[in-house]
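Asks: If you look up Swiss-Prot, you'll see H96 marked as active site, electrophile. Per Swiss-Prot, active site, proton acceptor is recorded for E166, and the stated evidence type is sequence analysis. Here Swiss-Prot flags N12, K14 as substrate binding site, drawing on sequence analysis. Look at Swiss-Prot and you will find K142 tagged as SUMO1 cross-link, backed by similarity to another entry. Among the features that Swiss-Prot reports, phosphoserine is placed at S106, S159, S198, S212, S223 (among others). Under the heading N6-acetyllysine, Swiss-Prot lists K156, K238 (among others), citing similarity to another entry as support. Per Swiss-Prot, the feature N6-succinyllysine maps to K156, K194 (among others); the stated evidence is similarity to another entry. According to Swiss-Prot, the phosphothreonine annotation covers T173 (among others), on the basis of similarity to another entry. According to Swiss-Prot, the N6-methyllysine annotation covers K194. What Swiss-Prot lists as 3'-nitrotyrosine is Y209 (among others).
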Amino acid sequence: MAPSRKFFVGGNWKMNGRKQSLGELIGTLNAAKVPADTEVVCAPPTAYIDFARQKLDPKIAVAAQNCYKVTNGAFTGEISPGMIKDYGATWVVLGHSERRHVFGESDELIGQKVAHALAEGLGVIACIGEKLDEREAGITEKVVFEQTKVIADNVKDWSKVVLAYEPVWAIGTGKTATPQQAQEVHEKLRGWLKSNVSDAVAQSTRIIYGGSVTGATCKELASQPDVDGFLVGGASLKPEFVDIINAKQ
């Protein structure tokens with residue numbers, strides 16, 4: 001990892017927890033040592049964004065797990081970047097595979113959300129990744145490059161964007177991409193940014209890995225030169241998330 005890229009660890013709590021259990025988790029995180037050279041962001045369920053921001057130590061930022069592409073309106077069940085900021089959250093996760101595959105979000109919609117969230121001043125954790133059949137068909141690069149292009153077409157300021165590579169076959173399955181598999185895709189993504197955006201953006205943009213990251217797997221993954229951090233699912237609800245936060249130490 002280049003010295004200029006601050007290690008980034010995101011915890012995606014998904015649709016999990018209640019005030020009591022999340023309060024206990026927050027207590028563990030508040031007591032934890034967060035290295036000065038590591039940025040930590042937690043993404044609670046929408047209902048608990050305000051609760052998390054009030055309870056979490058300021059050293060840990062808060063993200064929403066999704067947002068819509070416009071400011072206000074008749075969009076039942078949706079949340080806008082302005083509302084997310086009003087809660088005190090500063091990031092949003094967009095394009096997660098569960099949004100793509102469970103809720104049918106298209107690349108086009110995700111790109112529109114990215115553009116609006118950035119215009120409203122949020123940082124964006126933009127997710128990309130291939131399914132198992134796509135990896136087995138040898139089209140991993142094609143898939144992730146196409147997804148990245150739609151995101152890139154909607155980004156003016158890359159300093160507010162973190163790219164999260166999440167192979168869909170490794171999310172919640174217990175299967176983790178090997179450090180070599182992760183590094184290979186991250187290196188190719190950085191090459192794509194260099195060729196299609198700029199060398200400066202390629203060098204400065206953090207590309208993080210997600211997919212069954214645990215306290216046991218994080219150190220070797222973190223040692224890869226193009227792995228700049230993690231987006232953690234299930235393990236972010238457990239005390240081992242502290243070990244993952246400290247993976248570079």
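Note that Cβ sites are derived from N, Cα and C of the backbone, with glycine treated the same way.
Are these features on the surface or tucked inside, and what touches them?
Replies: Neighbour list (H96 (active site, electrophile), Cβ cut-off 8 Å, at least 6 residues apart, same chain): N12, Q65, N66, C127, E166.
When secondary structure is read from DSSP and collapsed to three states, E166 (active site, proton acceptor) falls in the coil class.
DSSP assigns K14 (substrate binding site) to coil in the three-state reduction, placing it in neither a helix nor a strand. Neighbour density for K14 (substrate binding site): within 10 A of its CB lie 18 other CB atoms from the protein chains shown.
Every protein chain shown contributes to the tally, and the Cβ of K142 (SUMO1 cross-link) ends up with 12 other Cβ atoms within 10 Å.
The Cβ of S106 (phosphoserine) lies under 8 Å from the Cβ of no residue that is in the same chain and 6 or more residues away along the sequence.
Classification of K156 (N6-acetyllysine) by DSSP places it in coil, neither helical nor stranded.
Over all protein chains present, the Cβ of S159 (phosphoserine) has 9 other Cβ atoms lying within 10 Å.
Under DSSP, T173 (phosphothreonine) is assigned to coil, being neither helix nor strand in the three-state scheme. In sequence order, S212 are the residues of the chain that are 6 or more apart from T173 (phosphothreonine) and have a CB within less than 8 Å of its CB.
K194 (N6-succinyllysine) carries a helical DSSP state (H, G or I).
On its own chain, S198 (phosphoserine) has no residue at least 6 apart in sequence with a Cβ closer than 8 Å to its own Cβ.
Shown in sequence order, A164, Y165, E166, A177, A182, H186, L221, V227, G229, F230, L231 are the residues of the chain, 6+ apart in sequence, with a C-beta less than 8 angstroms from the C-beta of Y209 (3'-nitrotyrosine).
S212 (phosphoserine) falls outside any helix or strand according to DSSP and counts as coil. For S212 (phosphoserine), the Cβ neighbour count at a 10 Å cut-off comes to 20, with all displayed protein chains included.
Contacts of S223 (phosphoserine) defined by a Cβ separation under 8 A and a same-chain sequence distance of 6+ are given as P179, in order along the sequence. According to DSSP, S223 (phosphoserine) sits in a coil region rather than a helix or strand.
Look at K238 (N6-acetyllysine): DSSP puts it in coil.
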Asks: K142 (SUMO1 cross-link) to K14 (substrate binding site): how many Å between their Cα atoms?
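Replies: Their Cα atoms are separated by 28 Å.
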Asks: Measure the Cβ-based neighbour count of K238 (N6-acetyllysine), defined as the other Cβ atoms within 10 Å of its Cβ.
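Replies: Counting Cβ neighbours of K238 (N6-acetyllysine) within 10 Å gives 15.
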